[in-house]
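For reference, the structure is listed below as structure tokens.
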Amino acid sequence: MNNATIIAIDGPAGAGKSTVSRLLAKELGYTYLDSGAMYRALAWALQREGVDLEAEAHVARALPELPLEFSTRGGSLLIHCGGKALEDELRNPEMAAYASRISQMRAVRTFLTEWQRKLAEAGKVVAEGRDTATVVFPHAGVKVFLTADPAARAGRRHAEYLAKGIRVDYAVLERQIRERDEADSTRCLAPLRPADGAVILDTSDLDISEVMSRLMDLIREKSRG
């Protein structure tokens, strides 16, 4: 795997990782690898099979038998479970909560880390998540840690849900984000932190065009060596 073909973007929930990664992949002609969608898909598949998400041993036993497939085409990540394409069902607060729960399980992280690395072998990728640069692709050619204050992140997530027709209370979202930050940064397994050599970018007061401009400058600088 050529390290120069991987751009790894980490950061807390709502920092803009998904939006920025999707735009970067399109701009560069890379594949967008959405690890959050992969965790939500796994949670959805486990629920579909009636697996108790609180029982790590049950989850670990179920993983090899799940009819879950990840692939890439035309720069996009495709997710199927039992022949069904998973898209909108993964984008709701409930599934995000389930994904957060199983993401703390070692067997789950190992399972999806292997999938992410396998997908990256097929070509150039922009990969995003919470341990993408620290664990999944520690030797990525470009490593970025996107962050923003919790209020700004809650506002962005609230707007995303409203755009999808999902009504969610802003205060609840902000509380969930703060709780998720605490859980992610203090967990024993792959805690949320900037990777060695990562560029830290606070997006609290930046719009998407400003973030993209800074990241493209960084990528050009890295490509020049």
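If you go along the chain as it appears here, the first residue is 1 and each next one adds 1.
Cβ from N, Cα, C; glycine included.
Per Swiss-Prot, the features are:
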type: BINDING; residues: Gly11, Pro12, Ala13, Gly14, Ala15, Gly16, Lys17, Ser18, Thr19; note: ATP binding site
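Swiss-Prot feature annotations superimposed on the structure.
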| residue | record | Cβ within 10 Å |
| --- | --- | --- |
| Gly11 | ATP binding site | 27 |
| Ala13 | ATP binding site | 23 |
| Ala15 | ATP binding site | 27 |
| Lys17 | ATP binding site | 27 |
| Thr19 | ATP binding site | 17 |
Remaining residues near the recorded ATP site, that is with C-beta within 8 Å of the centroid of the site residues Gly11, Pro12, Ala13, Gly14, Ala15, Gly16, Lys17, Ser18, Thr19: Val20, Glu128, Leu146, Ala148, Arg153, Arg156
